Amino acid sequence: MSGRVLVVDDEQVLRLTFEALLGDAGHAVQTAADFDQAVAALEADAFDAVFVDIILGGRSGLELLERAKGLQPTTPVVMITGQPTVEAASRALRLGAFDFMVKPVTKDALLRAARAALAHKRLIDERDHEAAQRRRYQALLTAIVEGVGDGVISVGVDGRLSQINRAAQELLGLTSQAALGSSLEEPMWAPLGQGRQMLLATARGGSAPAEARQQIVPAGAGPRLVELSCRPLRDGQGRAMGAVLVLRDRTRLSLLEDSLRSRRGLHGLVGQSPAMQEVYRLLETLAETDTTVLIGGPSGSGKELAAEALHYLGPRANGPLIKVNCAALAENLLESELFGHARGAFTGAVADKAGRFLLADGGTIMLDEIGDISPAVQLKLLRVLEDKIVERVGEAKPRRVDARVVAATNQDLATLSAQGRFRQDLYYRLNVVRLNMPSLAQRREDIPLLAEHFLAQFARRMPRPVEGLSPTALEALMRQPWPGNVRQLRHVLEHAYIFCPGGLIGPEHLPPELSAPPISPAADGPTSEAQRILAALRRAGGNKAKAARLLGLSRNTLYRKLNELGLSELGDGSE
Ligand SMILES: Nc1ncnc2c1ncn2[C@@H]1O[C@H](COP(=O)(O)OP(=O)(O)OP(=O)(O)O)[C@@H](O)[C@H]1O
């Protein structure tokens with residue numbers, strides 16, 4: 001081990017001898033003959049060891065020792081004396097001398113002392129180097145920790161705060177600087193919520209989740225959605241030193257996600273429009289409850305699908321879902337269909353019949369086209385809704401039934417009840433919660449998504465190489481008034497799918513009715529409605545099923561309307 005050595009002695013012989021011996025041993029030696037020369041050398045250069053004679057002409061070597069320690073504190077200074085005294089030795093050591101040698105100094109003793117001094121210096125240098133490195137590392141870490149936007153909190157194994165950055169303070173709403181060394185058990189850390197347990201448990205080597213997501217409500221501010229990530233801190237030997245928690249504020253992201261996560265559909269219903277988002281939100285809320293829901297909306301707008309969603313998204317999903325189309329059955333048939341009958345209750349009642357309400361026990365009953373039920377059935381229905389009791393036709397025995405009622409109509413029940421055609425009390429009872437399905441014209445932006453959905457459905461049923469809609473066909477679809485709403489769109493696309501030989505569906509594959517000026521939706525009064533129906537029947541060559549499709553009405557609704565308008569004799573009666 002070689003080093004830079006300064007030899008300070010006023011005796012030239014000694015200086016030269018030391019210089020030669022140390023030089024031969026590989027050290028770079030510099031000499032100084034007196035105090036001032038020595039100080040100049042120490043000021044000019046850094047030395048790894050200094051040999052100083054205690055007698056330096058007029059000055060004391062001890063004085064130089066003191067000066068050397070001031071200038072180069074970590075450099076070992078070896079004192080040399082011709083007349084050792086206890087006082088001088090102890091003073092030298094007190095002043096920080098590394099060693100004390102008595103003349104005559106042998107070569108071996110000199111080299112040994114030099115070796116020891118240099119080894120000592122290296123040790124100190126290394127320790128200093130490590131400490132400096134630790135300080136640099138710490139400064140860097142602090143800069144990083146302060147610089148990142150995420151909150152950082154660390155604790156020692158004792159659960160006491162060892163570091164917290166500004167972001168964490170702000171996130172937690174801590175107004176004053178959190179005191180390092182304070183325990184995380186203190187109440188001021190309560191807003192940290194689960195993060196507190198994660199930190200404490202991890203720091204103590206216990207088990208805790210490494211990741212979590214939670215809401216933090218900082219004092220005097222709104223709630224923040226925060227992602228937590230906790231890791232243990234270990235030293236080089238793997239010993240636990242504490243834990244660090246990173247808090248990432250996801251509030252903005254989650255708001256953004258929420259606004260972007262406009263859903264493309266819900267349980268069979270397709271559509272990404274704001275109107276449908278509202279429907280989905282309402283359906284999810286209502287699915288959880290047992291309230292009677294009245295679903296309104298024009299024909300073909302998805303009322304039946306909405307009723308299904310209400311059933312299948314709620315706690316009754318495992319129970320039965322019974323659907324009854326109230327317009328499809330004659331009055332007396334509907335009554336026994338709904339409430340059941342006893343054997344012999346009327347001609348043809350050859351056996352007991354449970355009725356749809358009892359079949360729906362524990363589940364949901366969907367009463368479609370509820371506007372079409374007779375006054376007698378209305379009264380019976382009111383009884384079920386109010387008392388949850390059914391009585392079968394021809395039997396006076398009340399039976400308890402637990403069925404959720406979802407009613408649907410495309411008629412204006414408020415007007416019907418104002419006209420005395422629908423019981424007002426039943427209307428109020430049904431109308432407790434109202435869900436209105438938007439018409440397709442109110443959500444045209446959903447047409448491309450719906451088209452994609454239906455084409456994929458057809459492709460499963462009738463494999464043929466239809467790739468999708470051409471832009472012009474889509475444009476034509478976007479322009480339609482869609483009085484028949486989604487049902488009509490579905491029919492139109494089915495037609496196009498069948499007529500398209502492959503590739504893209506073009507406008508030429510769409511049903512001819514679509515290329516003709518669209519039949520305008522009923523905007524006003526019965527006259528224009530009659531005209532619309534007549535126009536549709538004409539265009540459909542008298543075929544009522546086809547006319548219903550053109551109008552976007554279900555067949556039942558068209559029959560009802562024809563009856564109401566006194567037009568039931570029109571058309572060829574074909575389905
Ligand atoms: N949002 C939608 N997403 C996907 N398909 C839909 C949607 N709305 C309606 N449909 C489809 O349109 C057709 C008619 O829907 P549905 O029977 O639910 O309508 P409705 O309002 O009950 O009609 P009506 O009043 O004539 O009984 C069905 O084939 C249904 O699958």
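Glycine too: its Cβ is placed from the backbone N, Cα and C atoms.
Quantities reported herein were computed from a predicted structural model and do not represent experimental measurements.
So that you can see what the record holds, here are the features copied from TrEMBL:
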DOMAIN    4-118  domain 'Response regulatory'
DOMAIN    137-184  domain 'PAS'
DOMAIN    269-498  domain 'Sigma-54 factor interaction'
MOD_RES   Asp53  4-aspartylphosphate
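When pLDDT values are averaged over the domain 'Sigma-54 factor interaction' (269-498), the model yields 92.
Helix, strand and coil counts under DSSP for the domain 'PAS' (137-184) come to 18 helix, 11 strand, 19 coil. For the domain 'Response regulatory' (4-118), the DSSP-based tally of helix, strand and coil residues reads 55 helix, 28 strand, 32 coil. Under a cutoff of 8 A between CB atoms, and with a sequence separation of 6+ in the same chain, the neighbours of the residue listed as '4-aspartylphosphate' are Val8, Asp9, Asp10, Glu11, Leu14, Gly61, Met79, Ile80, Thr81.
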